[in-house]
Amino acid sequence: MNLKISNTKKHLSGNIKITGSKSESNRLLILQALYPGLKISNLSNSDDSHYLQKALESEDELIDIHHAGTAMRFLTAYFSALEGREVVLTGSKRMTERPVKLLVDALKKMGADISYEKNEGYPPIRIRGKKLEAKTVSLEANISSQYISALMLIAPSLPNGLEINLEGKITSTPYIKMTLEILQRAGITGAFKGNTIKVEPAEQLVEQTLAVESDWSSASYYYSLAAISESAELKLSTYRKTSLQGDSCLAEIYKQFGVSTTYREDYVLLEKRPGSKPKRIEENLQNSPDIAQTIAVTCLALNVPCYLTGLHTLKIKETDRLVALKTEIEKFGSRVEVTQDSLELFPQENFSKNVSVATYNDHRMAMAFAPLGLKVPFEIKDADVVSKSYPGFWEDFQKLNFEVEKP
Ligand SMILES: O=C(O)C1=C[C@@H](OP(=O)(O)O)[C@@H](O)[C@H](O)C1
Ligand SMILES: C=C(OP(=O)(O)O)C(=O)O
């Protein structure tokens, strides 16, 4: 489904209800599979969480996780420790290009039985579940925090718990802290000090319901909309000031664009006052890689030069996001330079017309570009990719008076 979008309104206002964080939900779904007494409220309605839930309920040998990277990594650890079960874990074509070697090597060192069905280091993988009795494991921490979270999530179910030693620089740290906090909220003892994570074994947990906060990465598109509009008043629910999600740093970052965030009981109010525009944006996003696309497009729309660093994980996500951003932004007439871990935007005053933005099976390409419709009408290809994390995105978007038509 291709969509043409435009909006000529000067003021944006509306109330948007976003469902639970995909990251928090995926962690809780794994914990729930390990400790069935656990209940979850405000679960994400994303395709990724849906496929994870389906995989955990499946009794089939072949498990297809589609585009869900975090779910792929979490399930690799989960099935490795599920004694007596044999599965083949696979996914979309892109999933077979997203590396799992560091996680597989760590699990093998712990005693797991995993083999590659096609290419070494990549899905599909065959896992024969075993009792994992290792007490410690080390792994490189600069490629993806998902590998570390995957080990942390199964750690309490192992007979000895697990000590994880992180080697080198640590990336996407808030996601590791989120995993630890969720374990602790569930009643599991754990700590993360320096380069060492320790999780104690837990035979069972107290029956309880854990509530998921709504998704901050999804909220980023409304921050971008507010920043690009002349004035805005948007209420987003359900959010808390003390979030487990690193992407809540949006509130700080978007102050530079004149967007203020007020935390109310269970929602945030975003307000944009006319006349505020930064000269240049510089951000290191190694702690919040998922909002890089949003910020780059906000800057494109506002004609603000920007230099984003800490982006080394972007090339192994749903697509190579650095290349995708450069290609699609340059269609509008601006120039972009990318390296292995940075993006610099040299914006142009006028936007090229009749642009069609390709999305590369990446939900965030579609959603990050959408707010640009406030400046110039354009087409988004395969707009239904949004369902990976935010199936209701286009319906919510239309609530803000956007014209969304199928050409
Ligand atoms: O643990 C998680 O829920 C996630 C971790 C991050 O991945 P990396 O650690 O690979 O950067 C993030 O990009 C992804 O969307 C979700
Ligand atoms: C990178 C993402 O997801 P995953 O790695 O789970 O596919 C994302 O949602 O931006």
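Keep in mind that glycine also has a Cβ here, set from the backbone N, Cα and C atoms.
Automated prediction, rather than curation, is the source of TrEMBL annotations.
In the three-state DSSP classification, Gln146 (phosphoenolpyruvate binding site) falls within a helix. TrEMBL lists Lys22, Ser23, Arg27, Ser144, Ser145, Gln146, Ser172, Asp290, Lys317 with the feature 3-phosphoshikimate binding site.
According to TrEMBL, the phosphoenolpyruvate binding site annotation covers Lys22, Gly69, Arg98, Gln146, Arg321, Arg364, Lys388. Note on Gln146 (phosphoenolpyruvate binding site): other Cβ atoms within 10 Å of its Cβ, all shown chains, come to 25.
The annotation domain 'Enolpyruvate transferase' is assigned in TrEMBL to 56-396.
Take the CB of Asp290 (active site, proton acceptor) and look out to 10 A: across all protein chains shown you find 26 other CB atoms. TrEMBL lists Asp290 with the feature active site, proton acceptor.
Here the candidates are the recorded positions Ser145, Ser172, Asp290, Lys317, and by Cα distance the one nearest Arg364 (phosphoenolpyruvate binding site) turns out to be Asp290.
Not one of the binding-site residues listed as Lys22, Arg27, Gly69, Arg98, Arg364, Lys388 brings a Cβ under 6 Å of any atom of ligand 1.
Mean pLDDT across the domain 'Enolpyruvate transferase' (56-396) comes to 97 in this model. A Cβ distance below 6 Å to any atom of ligand 2 is met, among the recorded positions Arg27, Gly69, Asp290, Lys317, Arg364, by Gly69, Asp290, Lys317, Arg364. Taking Arg98 (phosphoenolpyruvate binding site) as the reference point, none of the recorded positions Lys22, Arg27, Ser145, Ser172, Asp290 has a C-alpha atom within 10 Å of its C-alpha.
In this structure, the CA atom of Arg27 (3-phosphoshikimate binding site) is 16 Å away from the CA atom of Lys388 (phosphoenolpyruvate binding site).
Every protein chain considered, the tally of other Cβ atoms within 10 Å of the Cβ of Arg27 (3-phosphoshikimate binding site) stands at 28.
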